[in-house]
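J.: Take a look at this one; I'll ask things after.
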Amino acid sequence: MNATQVLVLNSGSSSLKYQLLDMPAGRRLATGLVERIGEDGPGRLVHTPAGTNGDGDGDSGRRERELPLPDHAAALRAAGEELAADGLGLDSPELAAIGHRVVHGGRTFTEPTVVDERVLAEIERLVPLAPLHNPANLAGIRTALAINPDVPQVAVFDTAFHTTIPDHAACYAIDAEVAAEHRIRRYGFHGTSHAFVSRRTAELLGRRPEEVNVITLHLGNGASAAAVAGGRCVDTSMGLTPLQGLVMGTRSGDIDPAVVFHLSRVAGMSVAEIDELLNSRSGLRGLCGDNDMREVVRRMDAGDTRARLAFDVYIHRLRSYLGAYVAVLGRVDAVAFTAGVGENATRVRTAAVAGLDALGLAIDERLNTAAVRGPRLISPEYARVAVAVVPTDEELEIATQAFALVNA
Ligand SMILES: Nc1ncnc2c1ncn2[C@@H]1O[C@H](COP(=O)(O)OP(=O)(O)O)[C@@H](O)[C@H]1O
Ligand SMILES: CC(=O)OP(=O)(O)O
Ligand SMILES: [Mg+2]
């Protein structure tokens, strides 16, 4: 009997998202979220078995509980208990692989990789480049290894899709020796999503990925843009860390780096305080107090001027990158919106391309606001560039890559 299930783990600093999928069809057997790991007070687990519609999206049978969660090991054990209650399991012979999202793979990892001691050591060596993300990813892998040492653990890196970015787009114009010694360059993130969405966009156009140039806009809590030429990424807005680029829910995106010196010298802030300010108290939240785009739009419509400014700053930055990537690519076949904001916020899509007819970009408002799910075009027939909404599915992509690797 060939094992066909893949468990996908996305470990954050205080959370663990998991999905069990049956491959190669990608059918969801269960999804879950474990929150408040290692924090004061009880943690929380929400587990959703596959609904009657078979894709796990339905809320039927959803279970929720509070429990002590001192660390990631406790979180994964709790997830294992929920899976076992559905007759699934971390130690099931049906399990072909456990796929892990790892945020920073540096320039070392250009492909999904089966985890061994050497791989663990390399992910550890990259911790200084992603101090918020890689330690949590490592904790998830080590815990899964301890619970089931027999099933292959596959690391899928956010940075992998971006390793094709040429040096002229990846190098910062700073002292070359300092940059080399400290590995300072643009790495880019959300690569699993940009890869998946750019491929799906080509499919939507009825073309092969090698034939099309696509700008993908991943707008979630974290947000990034990518320029993809013939299936290969040639530029992206995030950099050394996921702080650069677009305005995000709580992150600033691009600022003048001298803001950091100024805050240090004039405001007497420590590096840790500035780090926290730019990562957690900036972006939409910094500008108007809310990091949820739904709330920003609601307040803006009610006449709130801070929410209006936050929306306008967000859109201005997005349009700047859109224009930049038209220039980077030269010829653009499609622009694809994805992730929580990109897939749902019709107003963001409208504002992002308004008045860009000269670049071949336009939106048909009837298509933009239609209550349709799944990949779809929202540009008018006459437009030179297709504008699309293409839902991302990082978990499915991780499962697909992990399953292909262990069956290779
Ligand atoms: N209907 C909607 N309209 C506008 N924004 C939405 C809507 N639904 C979700 N969002 C936005 O999507 C964001 C989350 O995106 P998501 O891709 O799920 O984030 P994450 O980066 O955590 O995976 C939320 O912060 C919210 O602002
Ligand atoms: C890398 C990154 O920004 O990830 P997320 O959007 O999940 O925060
Ligand atoms: Mg997401």
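Glycine too: its Cβ is placed from the backbone N, Cα and C atoms.
If you look up TrEMBL, you'll see Asn10, Glu394 marked as Mg(2+) binding site. Residues or ranges marked as ATP binding site in TrEMBL: Lys17, His218, Leu219, Gly220, Asn221, Gly222, Asp292, Met293, Arg294, Gly340, Val341, Gly342, Glu343, Asn344. TrEMBL lists 40-65 with the feature region 'Disordered'. Annotation comment: TrEMBL describes Arg101 as substrate binding site. What TrEMBL records for Asp158 is active site, proton donor/acceptor. TrEMBL lists His190, Arg251 with the feature site 'Transition state stabilizer'.
How buried are the listed features, and what sits near them?
T.: Mapped onto three states, the DSSP output places Glu394 (Mg(2+) binding site) in helix. In sequence order, Asn10, Arg101, Thr192, Ser193, Phe196 are the residues of the chain that are 6 or more apart from Glu394 (Mg(2+) binding site) and have a CB within less than 8 Å of its CB.
Non-local contacts of Leu219 (ATP binding site) by the CB criterion (under 8 A, 6+ apart in sequence, same chain) comprise Leu246, Leu318, Phe337, Thr338, Ala339, Gly340, Val341, Gly342, Ala345, Val348.
Within 10 Å of the C-beta of Arg101 (substrate binding site) we count 23 further C-beta atoms, all protein chains included.
Within the same chain, residues at least six positions away from Asp158 (active site, proton donor/acceptor) with a Cβ under 8 Å of its Cβ are Arg101, Val102, Val103, His104, Gly105, Gly188, Phe189, His190, Gly191, Thr192.
Arg251 (site 'Transition state stabilizer') falls outside any helix or strand according to DSSP and counts as coil.
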J.: Please report the Cα separation of Glu343 (ATP binding site) and Arg251 (site 'Transition state stabilizer') in Å, rounded to an integer.
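T.: Per the Cα atoms, Glu343 (ATP binding site) and Arg251 (site 'Transition state stabilizer') stand 20 Å apart.
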J.: Taking the Cβ of Arg294 (ATP binding site) as the reference point, list residues of the same chain whose Cβ is under 8 angstroms away and which are at least six residues distant in sequence.
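T.: Arg294 (ATP binding site) has long-range Cβ partners Ala345.
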J.: Which residues, sitting 6 or more apart from Lys17 (ATP binding site) on the same chain, put a CB under 8 Å from its CB?
T.: Leu9, Asn10, Ser11, Thr31, Gly32, Leu33, Val34, Glu395
J.: List nothing but the one residue from Asn10, Asn221 whose Cβ has the fewest other Cβ atoms within 10 Å; the candidates are the binding-site residues.
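T.: Taking Asn10, Asn221 as the binding-site residues, the minimal 10 Å Cβ count falls on Asn221.
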J.: Write down the Cα-Cα distance for Asp292 (ATP binding site) and Arg251 (site 'Transition state stabilizer'), rounded and given in Å.
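T.: Here the two Cα atoms are 13 Å apart.
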J.: Find, among the recorded sites listed as His190, Arg251, the one whose Cβ has the highest number of other Cβ atoms within 10 Å in the structure shown.
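T.: Buried the deepest by this measure is His190.
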J.: Here are some binding-site residues: Asp292, Val341, Glu343. Which one has the most Cβ atoms within 10 Å of its Cβ?
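T.: Per the Cβ count, the most surrounded site is Val341.
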